[in-house]
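So that you can see what the record holds, here are the features copied from TrEMBL:
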TRANSMEM  B:12-31  transmembrane segment
TRANSMEM  B:37-54  transmembrane segment
TRANSMEM  B:80-100  transmembrane segment
TRANSMEM  B:112-133  transmembrane segment
TRANSMEM  B:145-166  transmembrane segment
TRANSMEM  B:186-207  transmembrane segment
TRANSMEM  B:219-240  transmembrane segment
TRANSMEM  B:269-293  transmembrane segment
TRANSMEM  B:305-325  transmembrane segment
TRANSMEM  B:331-352  transmembrane segment
Amino acid sequence: MKSIKILFITIITSIVLTGCWDSVEINKREYIFAVGIDKNAKNLTFTSEIPKINEGSEEQRLVYTKDCINFADFYATSYLHSEKVISDRLMQVIVLGEDLARDSEAVKRIFDEIQRSPQMNRRVKICIAKGKAQDIINTEIPHNPIVGRFLSEMLIKLKRESYQDIYTFDEAILDLGKTGNAMIPVVEINDKSLKVERAGVFKEYELIGFLEPEEVSSIMVLLNPSKATIRNVNITVEDTNVSLGAVDITMTKKMDLSNDKLKVDYYVTLYSYIDSFIIGSNKLEDQSYLNKIKEEATKNILMVSKKTLDKLQNSYRADLLKIKEDLYKYHKQDYEKIADKYDEIFEAADINIHLDMVIKSTGLVK
Amino acid sequence: MFNQDITPYQNLSILILVSFAFQSILMPLLLSEIDGPVGWMTIIIAAVVLYFSLKPINKLLLKYKEDSFLSISNKIFPRLISRAIGIYYIIMFLIANSILMKDFAEQIKLMMLFRTPLGSIIIVILLTASYATKKGIKTIANISSITVLIAFIPYIFIMIFSTYYADYSNVFPIYPADVEGVLKSVPGAILGFFGFTILLFSNSKVTVQENNRSINKKFILFSTILYVACYLMIIVKFGIKESVHLVWPFISVMKYVNIPGFFFESTEIVGLCFQIIVTFSCICIIAYFTNIAMQETFKTREDGFFIYMQIPILYFMAAVLPGMYMMFPYIQWPIIILSGLNLLIPLIAALVDAKFKKVKNN
């Protein structure tokens, strides 16, 4: 009986231990931090960045470039080309090349593979390269040589400040799924570094154009007024340069959909501080001068907003303002009637921004 | 052989745990069958149906305090019918347990043991669960109450933390609701309250039977809150359009866990570990009550050795059956039948017993 028990325990232990048969020690792994994907004549080009964490030299990295069909093929090829095992568990950023982003089929395949993977984290950051993703990954940044870490930290910082709406793969795929449109950050080479200022406009998984920083800012005010960070408003009033900083934004919106005519009104109140004026002038004590500043600033902001709306409605026909989502959520009956022809309805929609500017303070001096 | 008494709260933990496991398995059905994020209405309708069904069932169970539902049906139904009911419960428990095991094994394989054969994972779960099952209800009840404390509650917390980047407006639109979809998915939601079937067997094992009535009601209440909360959590995280595509919405939600200051690299694996404990406890519970159903149907004195019969059956079924997510397109009718029988059998028994009593009094 005793020997049967021992035999039984041995068999069970050997079965349980099978869980360890594919274990790989940490020093036998290579952790991808960033991957750039470009389109080539036949397939895709994957450029991966692997910091030399295991060797204790955190500021050094390896960059591999391989032509592959998809992620799975990339891992399989990498497995055969290195003595170590490639791991994507710590992947920070995926950079899509501009050519690739303009090919909706390729984007759909890549997004599907990321979404399907049990290992890849859906919260991996995502951005579009202006030009080739390979160039972005290969950029030598003197003060922060690991591009994956640099981009990840930068995108987290921008997300915290709500400069843009989407920073992760998860957010991108949810937005594209819900509305068919998304605004994804664009990374560009900036001398010996990288910058993230502009946004790429995606429609049905295809990059259709770019938005300038002030246009992104206008959209963010309408999308997420409580968190949106907008740049300073620089104006000239009576030959004096004035700079206004927005401190708080409140907004209400009103939607009306009747007879295939969509009307959306945004009522925005922007609370601002005077950031810069000129020493020796007491004009800021004069209410009429302050009113002139408000008028000029309002004109300035509305001009950019109108230009942005025009671009969204007529050039891109992309509803980045998520009006479609709001209609579905809060006016479902009306929305269902126009769901099939929403793009045309959006293009012809009457979208108005009513801006009320409030100067809360002139700073520490009058 | 072993002490067979459990406390009312151990009973409650058994019922809630089992229901939670099936609710998470059946969640994709609830998400995909209804147009719009109004599945919570289905859950509430199912809960109301079960709540009112509990009244006659509680009465019946309290009348035959020491007997489980199958012993009661032996007393009130002809032999053939009571045997058929017994066999139905045995088959239903075996199918339910094998589906649970298959799903559980697939999750472990996909998330943790990529290269381990599924068969090895299933056999390890089975052998470990059968050891606990053989020990009897007391051990199972202890496992359940400990699981609630050390795994279930932290698991729920982890799920809450995973809604860090959620869009709460995803709960809209509520009106106009897809009434047809809501009503069509009620049988699935009723089946999600699997504890309703378990209580027919577990109530007779409770030390203080007088509390069973309130414990059963509490079970429906807590399970409903959990079911609705979990449904809404998935909705606010993914939105209804994305949720429909997910194979395991709960596992997917855990991929977003964001606990400020948490030092683990993969928090989803921590959540998965808690889920492993929860699901493992459920497998033990169902295996035990399959033993009880077998004992009472085949009228034997012992129940423990039935686990040896269950092991090959469960292994074979778990290995052969496709994953639950692959069966969804084909299980509309089986779900209606199973959930209908689970609800109607005890209700008919309660009705027959009430009539029988009336005739006897006359």
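Including glycine, each Cβ sits where the backbone N, Cα and C put it.
Automatic prediction, not curation, is the source of TrEMBL annotations.
Computed from a predicted structure; not experimentally measured.
Remote same-chain residues near the transmembrane segment (B:112-133) are listed as 101-102, 104-106, 139-140, 143, 269, 272, 280, 283-284, 287-288, 291, 304, 307-308, 310-311, 314-315, 318-319 (criterion: CB distance under 8 Å, separation of at least six residues from the stretch ends). Sequence-distant contacts of the transmembrane segment (B:12-31), counting only residues of its own chain at least 6 positions beyond either end whose CB sits under 8 Å from a CB of the stretch, comprise 6, 39, 42-43, 96, 99-100, 103, 140-141, 144-145, 147-148, 152, 185, 188-189, 191-196, 198-199, 202, 215-216, 218-219, 222-223, 226-227, 230-231, 234-235, 240, 243-244, 246-250, 278-279, 281-282, 285-286, 324-325, 328, 331, 335.
Stretch with the largest number of CB pairs closer than 8 A to the transmembrane segment (B:80-100), among B:37-54, B:219-240, B:305-325, B:331-352: B:305-325. Residues of the same chain lying 6 or more positions beyond the ends of the transmembrane segment (B:269-293) and with a Cβ under 8 Å from any Cβ of it are 14, 17-18, 20-21, 68, 70, 86, 89-90, 93-94, 96-97, 100-101, 104, 107-108, 111-112, 125, 128-130, 132-133, 136-137, 140, 143-144, 147, 150-152, 154-155, 158-159, 162, 198, 201-202, 250-251, 254, 257, 303-304, 306-307, 310, 314. The transmembrane segment (B:186-207) makes no contact with the transmembrane segment (B:145-166), as judged by fewer than three Cβ pairs under 8 Å among residues 6 or more apart in sequence.
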